[in-house]
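Enquirer: This is the feature table in TrEMBL:
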REPEAT    57-99  repeat 'LDL-receptor class B'
REPEAT    100-142  repeat 'LDL-receptor class B'
REPEAT    143-186  repeat 'LDL-receptor class B'
REPEAT    187-214  repeat 'LDL-receptor class B'
DOMAIN    277-311  domain 'EGF-like'
REPEAT    356-398  repeat 'LDL-receptor class B'
REPEAT    399-441  repeat 'LDL-receptor class B'
REPEAT    442-485  repeat 'LDL-receptor class B'
REPEAT    486-528  repeat 'LDL-receptor class B'
DOMAIN    576-615  domain 'EGF-like'
REPEAT    652-694  repeat 'LDL-receptor class B'
REPEAT    695-737  repeat 'LDL-receptor class B'
REPEAT    782-823  repeat 'LDL-receptor class B'
DOMAIN    871-908  domain 'EGF-like'
REPEAT    995-1037  repeat 'LDL-receptor class B'
Amino acid sequence: RLYQHRRRISLLVCPEPVLLFANRIDIRQVLPHRSEYTLLLNNLENAIALDFHHSEELVFWSDVTLDRIMRASLNGSNVEEVVSTGLESPGGLAIDWIHNKLYWTDSGTSRIEVANLDGTQRKVLLWQRMEKPRAIALHPMEGKIYWTDWGNMPCIEYANMDGTNRKIIADTHLFWPNGLTIDYASHRIYWVDAKHHVIERADLDGKNRKAVISLPHPFAITVFEDSLYWTDWHTKSINSANKFTGKNQEVIRNKLHFPMDIHTLHPQRQPAGGRNRCGSNNGGCSHLCLPSNKTYTCACPTGFVKWKMCLDKFLLFTRRTDIRRISFDNEDKLDDVIPLADIRNAVALDWDSSERYIYWTDVTTDSINRAKWDGSKQEVVVDTSLESPAGLAIDWLTHKLYWTDAGTDRIEVSNTDGSMRTVLIWENLDRPRDIVVDPIGGFMYWTDWGANPKIERAGMDASNRTVIISTNLTWPNGLAIDYSTERLYWADASIKTIEYGNFDGSGRQVLIGSQLPHPFGLTLHEDRIYWTDWQSKSIQSADKLTGLDRRTLAENLENLMDIHMFHHHRTKVQTPCSVNNGGCSHLCLLAPAPKASSCACPTGINLQADGKTCTHAMNSFLVFARRTDIRMISLDIPYFNTIAIGVDAVEGKVYWSDSTLKKISRANINGSEYEDIISAGLMTTDGLAVDSVGRKIYWTDTGTNRIEVANLNGSMRKVLVWQNLDSPRAIALFHEMGYMYWTDWGEHAKLERSSMDGSDRVVLINNNLGWPNGLAVARAGSQLLWADAHTERIEASDLNGSNRRTLVSPVQHPYGLTLLGPHMYWTDWQSRSIHRADKDTGANTITVRSNLPGLMDIQAVDRASSLGFNKCGRRNGGCSHLCLPRHNVTSCACPTGILLKSDGRSCDNLPETFLLFSNRVSVRRISLDTNDHTDVYVPVPELHNVISLDYDSVERKLYYTDVSLDVIRYAGMLSFVLGISGNILKLKKKFKKIHSLYWTDTGRNTIEVAHLDGTSRKVLVNNSLDEPRAIAVFPILLLFVFLCEEKIKPEKYIKPLVHF
C-alpha cells in the first residue's frame, strides 16, 4: 500500500514517461499507456543507438551507415554532428548526465571512447581485450560503466568511468548480448540475448543472475518503475512486461520499420541528486575530468600528454579515407583520427614541423592537400593537371613541395602553398611512385614501377639524373632516408623485402626478407624503421640496422598506405636559397655540390640569360579542351606540359563551350573571373571562334543547326545562318577579309564560307569529305586547312576552295586543328595525343603530348603576332548594336528578331510584334517583324515548370506562373525582377487600366486577383469550381472568362470584372 501511495503521488507531480526509440530511418517516441506515436527526427540513414540528456533537452544517436554520432534538441531541431571521424561501427551510446560526458562503443575499432557532449576532447578509454563491444550503460552516481561484448568470448563487464578497475561480471550462457540497462532504484542490471531469446537480470556486481522473460529476438531494453520495455526485431514491435515476474506482457506498438535502441525519457531515469565528483571547476583538470568510484581522474584526449599542450612526436599514416596518428609521448600507443574533411583516397603523406602542417595526396580527387596537425586550416594546395599523385616529399629547408604523378609520368615541384609550380622531370618516366628528398645533400630519390622497375636519383633541381638500382626490383614502393648513416631504404611488395643501400646504390643489403606479405609505406626515426603492410593490415617496426626486434604497433587496420614520423628535430642548415631566395626571381631549388642551388621558373615560362630571372608570361602556347578541363601547352620551352587553366590570347580570357551543360563560358588566364556568357538556347555547340578585333564570339550548334554571333559578354546575340544547315561543326574566321568558314557534317558533308554577317554564302568544297572536324585559316599564305576523321587526312586549299591537296595521311581520328608560325597542331581522339607538322608540306610530324584522353578542340596563341584590323574594331563601326565585318566593308546588325532602322546603323531593344511561349523550363520569343521566325530565349533564371504567362506591353514586363515553386513572378524583358509568391497555380491575366492580375488555382479551386505587385490579394470565386484552367479578361465589358475542366467537358463561365 505504501508503494502504491507513493506511485499515486509521483503520477501527480511527475510527467508521463515517454519511450524514445530508434527506428533506423527515424527516431520516434511513444506513450506506453496510450500508444500515442509521434515522429521526432526523420530522413536518417541507419540510426542504431541512442540516449538523451534530460536537463539539457538533447537527444544523441549513432548512425552506422554514415559512421557518425549526432545530436539534436528534444523537439527535433538543431541537428548537428558530434563525432564524424574514426568511427567504424558505433553500436552503443550512453550519456553521463552528471559530468556531461558522452560514452560509446565501436565494434569495428574494438574500443570504448569518451568525449565532451559536443565531441571535443575525445579519448579512447578501453581497447585491450576488447572484441566487439555492443551495448553500454552508465551509473554516474557510482562512477561505473557497464558494457556487453559480442566477441568470441561473449561477456558483460564493468569498469570505473575513467577506465580503471575493469571486471567481468558475466561470461557464461551468453551469445549475442544486445541491450543493456540499469535499474537505479533496485540496483540491478537487465540485458537481452538475441541468440538465447531471453531477458536476464543480475545485481550490479553480476550476482543473483536470473532469467526474466523468453522472447523471439530482443534487441534493446529499458526500465521504468515496475516495467521493462524492449524492442524486438522478429516481431518489429515494442513490448512491455513486469520487471519482477515477466508477466503482464503487452505490445506497446507493432508494425514498426526496424526498431533498434530504446530509452525511457523521464527525469527518474537521470536522477539529479547524484554528486558531481568534478565539481564546478572541472576538478581542476585542463581537459577531461572523469569520475572514478569515489573520486575522479584528470585525463587527456588521445594523443595528448599530461602537463603538455601539444604533441612532440607521433607516427602519421594514411588509410585512404582518413589520416591517423599514434603518439609516442604516451605508453598506450593508440591511434586517433585527425579530424579532416572529404578524404576520398589518401595515399602519399609528408609533414613540415616548422609550420606544423601535414600534407597528403588524394588519388580520387587528384589533389594535394594540407592542414595543421590538429586538422585545422585544411586547404587544397594543388588540384589541377594531376592524374595519380602517388608520391610526396617536403623540402623543409626551402619550403618546397615535390611529388610524383604516375598518370602524367612527371615529377613536379612548387612552393608549399602550391604556387610557382614547375615540371622537373618528364622524360623516361614510367609510373613513378614514391619520392624522398635530401635537402642537406641536394638530392631527390624516387622509385619507378614501369616496365623496367628502378630507383633513380637526381639533384633537387633535376640535374645529374642517374639510375642507382635497376636489378631485382618489381614493385618498389616506399622509400626512406636515414640521414645519420647516409643510407636509402626501400620496400618491394612483390619480392616482399625491405632493403637498403648507400646513396649511390652501392652496398645493397636485405634488411628484412621474411614475413612481409605486402609492404607499402616506409619511414625511419632514431634507431627504428616503421612500415605499413596491406595484407597483414598492420604497422610494424624493427631495428633499422639489423632488422631484428620486430614489433607490431597497430593491427586490424584496413587500407594502410603511407607512413611518416612527425617530430621537431629535422636538421636545419643554411642554404644558398636562404639569402634573398638565392637571387632567383621565382623558384630557388637546391642542388648537389658544388652547384648547391639553381633558379627555375613556373611551367611554361623561360629563364632569361642571366640564369636568375624569369620572363613575365608565355608568348606562344596552345590551348586545348579535354572534355572535363581546359589546358595549356607552352611553346617557349623545350618540353611540353599541360596546365588545366583558362587562357585568352588578347584580353586575357579563354572562351569554351560545354555540350553537357549547354553553356558558353569564359575565364581569365589564371582561371579567375569564371562566368557563363550564354546559358540558354544551346544544344550541341561544337564549334567556336573569337573575333578579337571586332570583340565578337561566333559559334556553330549541331543541335539547333544554326550559326550565331554575340558580343564577347554574350549580349546582342544574333542568328546568322539557319537555312540549309545539317550538323555544322568547326568554324574559323578571317576577320581582316570579313569571312567566316565552317564545316558541315551532314548527309552531304561540305565546307562553306560567308561574310561574317551571314551574307554572301557559298559552298567551297562538297566532294570527298566525310567527317570534316578541325578547320583553320592561314592568313599569311591564304590557305584553308581542315582535318577529316573519316578520310583520315589533313588537307589544304586556297581560300576559295581550289588547289586542294593532302598534307598528312593517314591520321587516325583528327578533331581540333590550329596553326602557329610554320606549324600546324591537331588533336587526335584515337591516339589521345597532340601532334605537330609543317603547315605547308605536312612534313616533320612529331607528337607534342600523349596520354591525353578526351581531347577535343585546340587553339594556338601568339601574343607577339599582330592582330590585324577590321573597321568594326574602331568605335564599333558606328553601329548601335552589332558591327559585323563583310568583305571589304562592315555591316550593322540587330539582335535576332529586331529590325535595323532606316538609318542602317541603329536598332530598337525589342521587336514590335512577337509571340511569347513557354516550354516549362524556358520562356521564348519569336519575332514577327523578321522573316526568319527564330525563337529567342528570354533571359529569365530559375525556371522549373512554367505553365502560363502574359505580357505587359506598357511596362515591358513578363508575368508567369511556376507550378513547381507555386509562385507567380514577373521579369523585365531586359532585366529580371521577382514578383508574387504563394500557393498559386495555373493561368492568370493582367488588366492594364486597373493594373490588376487575375489567375486561376486548380489546387485550391479558386479564382483570385491582386495588384501587379502582389498586394491586396483577394479570392473572387471559390465555390462550384472544378479545376479552373484558362482565364482571360475583357476590360472594355468589365468581364473575365475562364474554363473549368469538369468530368464531362470543359465549361465556359463569364463573370463581371472586379476592380479595387
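Cβ atoms here come from the backbone N, Cα and C positions, even for glycine.
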Enquirer: With helix taken as DSSP H, G or I, strand as E or B and everything else coil, how many residues of the repeat 'LDL-receptor class B' (100-142) land in each class?
Expert: 0 helix, 23 strand, 20 coil
Enquirer: Six or more residues out from either end of the repeat 'LDL-receptor class B' (57-99), which same-chain residues have a Cβ under 8 Å from its Cβ atoms?
Expert: 20, 22, 27, 39-41, 44-51, 105-109, 115, 117-119, 122, 133-138, 140-141, 145, 147-148, 161, 180, 261, 265, 270, 274-278, 289-291, 322, 324, 336-340
Enquirer: Below 8 angstroms Cβ to Cβ, which residues of this chain, lying six or more residues outside the repeat 'LDL-receptor class B' (782-823), approach it?
Expert: 620, 622, 624-625, 635, 730, 732, 734, 737, 739, 741, 743, 751, 753, 764-765, 768-776, 829-831, 835-842, 845, 855-862
Enquirer: With DSSP, how much of the repeat 'LDL-receptor class B' (57-99) is helix, how much strand and how much coil, in residues?
Expert: 0 helix, 21 strand, 22 coil
Enquirer: Mind checking which residues reach the repeat 'LDL-receptor class B' (100-142)? Cβ under 8 Å, same chain, six or more beyond either end.
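Expert: Counting only partners 6 or more residues beyond its ends, the repeat 'LDL-receptor class B' (100-142) has Cβ contacts under 8 Å with 49, 53, 56, 58, 60, 62, 69, 71, 81-84, 86-94, 148-153, 159, 161-163, 166, 177-182, 184, 189, 191, 204, 220, 271, 273-275, 287-288, 290-291, 293, 299-302, 332, 334, 336, 556.
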Enquirer: Counting only residues 6+ away from its ends, which parts of the chain sit with a Cβ under 8 Å from the repeat 'LDL-receptor class B' (486-528)?
Expert: 313, 315, 317-318, 349, 434, 436, 438, 441, 443, 445, 447, 455, 457, 467-469, 472-480, 534-536, 541-547, 550, 560-565, 567
Enquirer: In the same chain, which residue numbers or ranges, 6 or more beyond the ends of the repeat 'LDL-receptor class B' (187-214), come under 8 angstroms Cβ to Cβ?
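Expert: Residues 135, 137, 139, 142, 144, 146, 148, 156, 158, 168-170, 173-181, 220-221, 223, 228, 230, 233, 241, 243, 245-246, 249.
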Enquirer: Using DSSP, how many residues in the repeat 'LDL-receptor class B' (695-737) fall into helix, strand and coil?
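Expert: Summed over the repeat 'LDL-receptor class B' (695-737), the classes give 0 helix, 23 strand, 20 coil.
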Enquirer: Which residues of the same chain, at least 6 past either end of the repeat 'LDL-receptor class B' (442-485), have a Cβ under 8 Å from a Cβ in it?
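Expert: Distant contacts of the repeat 'LDL-receptor class B' (442-485): 391, 393, 395, 400, 402, 404, 406, 411, 413, 424-425, 429-436, 491-495, 500-501, 503-505, 508, 519-524, 529, 531-532, 544-545, 562-563, 571, 589-593, 595-598, 600.
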